[in-house]
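Trainee: The structure is given below, and queries will be raised subsequently.
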């Protein structure tokens, strides 16, 4: 069973519909005591990094996330939810993140190295390039994914980079280390690529449950 974490800033409808399409049992909750029953978790997110962390702290969901990850349960952050997995963000000053992965969310530049203008936010389809192997991407081909974001992760560990996209800079698109994973793009809006990642995540959670 997948627990979708509701902290007031996630695109819950789209994520829920995507999980239904791949036939995955799930529930949505803002209550730590209910979410503790999940086998794995999805942390969606849209909006401001600082506001998101404030909401997670106020609801004590930040502590739940740390506790569940420490127990070895799988976590998948989506869009802003992926950025929250890292140490901090420079959005509206500096805000601390969950610190589960090393790196910082910084603003996308409005031009590439050649001086060509780029629109920020980065919005639309972009091709993925794969880096390190992971069971999360076992069944996923290097296709296109749908992005909507103004910040990207910089300074992350290379061995945690699973896939990237190019938008004037290398944008970490899929990350993963141990039982913590993230997708900067929206899997629920990314057709075959997105559905494959969600399917693999749920398979990994099911396999982990069997091992226990």
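Just so you know, the numbers here start at 1 and follow the chain as drawn.
Using N, Cα and C of the backbone, Cβ positions are placed for all residues, glycine too.
The model shown is predicted, which means the values in this text are computed figures rather than measured ones.
Here's the feature list from Swiss-Prot:
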DOMAIN    1-211  domain 'Glutamine amidotransferase type-1'
ACT_SITE  79  active site, nucleophile
ACT_SITE  186  active site
ACT_SITE  188  active site
Trainee: What is the Cβ neighbour count of residue 79 (active site, nucleophile) at a 10 Å cut-off, with all protein chains included?
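Mentor: Here the count is 26.
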Trainee: According to DSSP, which kind of secondary structure is residue 188 (active site) found in, if we only use helix, strand and coil?
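Mentor: Going by the DSSP assignment, residue 188 (active site) falls within a helical segment, counted as helix.
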Trainee: What whole-number Å value do you get for the CA-CA distance of residue 186 (active site) and the residue listed as 'active site, nucleophile'?
Mentor: 6
Trainee: Roughly where does the domain 'Glutamine amidotransferase type-1' (1-211) sit in mean pLDDT, to the nearest integer?
Mentor: 93
Trainee: Output the one of 186, 188 that, of all these active-site residues, has the highest number of other Cβ atoms within 10 Å of its Cβ.
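Mentor: Output for this query is 188.
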Trainee: Taking only the Cα atoms, work out how far residue 79 (active site, nucleophile) lies from residue 188 (active site), in Å, as a whole number.
Mentor: 11
